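Visitor: Shown below is the structure under consideration.
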């Protein structure tokens, strides 16, 4: 089709105008916070370390995620600009799913960084050197591009003989697949495969890393040392929960949550692309002393 129509938040059409205001505020905070984080890391040579390169990658990913969705979403809510071209829809879908995969990979890499820093502190600089971190970030980006690109090719070759209204605020893969006529099992199966490869693999590594961290921390004799170790990991755990909980809710609702009201599902899906990018610079800026010192 030449274009689709984005529904916004089905069931909350009258309230969308006012819902857009907190969304806009969160978007502004996310953009300003992540740009500030990138500028601080770039301008301060003492922050050119593996941990801060991972933070910079996370900030860049958050900027792409929010900017690929929020301007169009605000246009729907405030101006009623619901139309999106087929090519633009596929491009938006590509950026959303690719950089969601990248964010998951960066969070996994940060969990590995915390594990090595706490469990093998003397070998941290040799294992996670700057070239190793750059290679890991490149691998995460390539993984996202290679796994998400088939979504666009599969959708491009499909026929859309039903209505062209996407019951969502942005072009999400399964929301677009539901409009296609013909057999969509390949899309559904491949979507499950990608979710398992990305989210499943990353969550397993994160869980294993923090299980081993917890074992090491609990064996520390000093309460102060245990508190410091827990404090080091607290910010990362908060960011992980803020990203994965709404992501899993959205994924499962699309496939198995037909009884969940669409306005709840779509609102959580919107917040999934807004809350983590807004929280990340705040959490890391406050919790990381070097960043806080540079900011003030």
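Note that Cβ sites are derived from N, Cα and C of the backbone, with glycine treated the same way.
Annotation source TrEMBL lists domain 'G-protein coupled receptors family 1 profile' at 33-284. TrEMBL lists 20-41, 53-78, 84-112, 133-156, 188-217, 229-252, 264-286 with the feature transmembrane segment.
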Visitor: Who are the chain neighbours of the transmembrane segment (84-112) in space, where the CB to CB distance is under 8 Å and they lie at least 6 residues beyond its ends?
Guide: 1-6, 51, 54, 57-58, 61-62, 64-65, 68-69, 72, 128, 133, 136-137, 139-141, 143-145, 147-149, 151-152, 155-156, 166, 170-173, 176, 194, 198-199, 201-202, 205-206, 209-210, 236, 239-240, 243-244, 247, 273, 276
Visitor: Near the transmembrane segment (133-156), which same-chain residues lie under 8 Å Cβ to Cβ, leaving out any that are not at least 6 residues past its ends?
Guide: 50, 53-54, 57, 90, 93-94, 97-102, 105-106, 109, 173, 176-177, 180, 186-187, 190-191, 194, 197-198
Visitor: Limited to the domain 'G-protein coupled receptors family 1 profile' (33-284), I'd like the whole-number average of pLDDT.
Guide: 86
